[in-house]
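Engineer: Quick one: this structure, given as structure tokens, is what I'll be asking you about.
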């Protein structure tokens, strides 16, 4: 009588057969949230710097007029969201663009392969291209000042040349790293573009602040960045033992902690008054335009 050997097959453990999940939607979502968070921090820093330069012309800080970082970020996000109406023209031209893309797809692919092949053969061209982008930003900032100021003072020409000369070797050296080359280049480009935004936007807001102090004329740039000055008529309550400013049209900068901050263009003074000591009246429509003319006229 033959006995058959009974062999037992041990099933592979679940831990050994489990396939490690690759990067999925969760990782992509985390990456998007991280990028958006860092972008928000960077945007808020640039925005706060520009607003601070603007209000410094009045001798006021952003916190005195109720403009902390949270308020600034919310306001600039609202202003950017209002540009959503631009999506409608994109939808109208979408079919034509897609048809053109389908027709020119092969040509674009050939051109793309040619550019990539050229960049592989000549790595220096990549550095030159990235440096050109950075230099283009510096040039645009210089042109904003006008060709006369550029040739007379030469300040922006020096900044442009210095920025380009620093960017070119920095990007070239960063690209030599085998594993972190692209990341280092990206960080450098972000750094240079941030410096460009800080200098150009801060300078523009400083000039806007000086113009507002001199003529009380408001523009759209400060509105987009979250600064909302308003033309108002101020009536001050009489306080025994103190000399109150004269009632009249003024520029309302904001309030924090129950203290209103106003700018009297007639006397070139900033007035800080508690809410109980001043009554502010604003207008709408044509009346608001007349009030604005009164405030601007008081500066002369």
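A Cβ is built for glycine as well, from the same backbone N, Cα and C atoms used for every other residue.
Predicted automatically and left uncurated, TrEMBL annotations should be read as such.
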Engineer: With the ranges 3-22, 183-202 to choose from, which does TrEMBL describe as transmembrane segment?
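Structural biologist: My reading of TrEMBL: the transmembrane segment range is 183-202.
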Engineer: According to TrEMBL, transmembrane segment applies to one of these ranges: 150-171, 216-237. Which one is it?
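Structural biologist: Going through 150-171, 216-237 one by one, TrEMBL flags 150-171 as transmembrane segment.
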Engineer: Under TrEMBL, the annotation transmembrane segment belongs to which of these stretches: 70-103, 240-273?
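Structural biologist: When 70-103, 240-273 are checked in TrEMBL, transmembrane segment belongs to 70-103.
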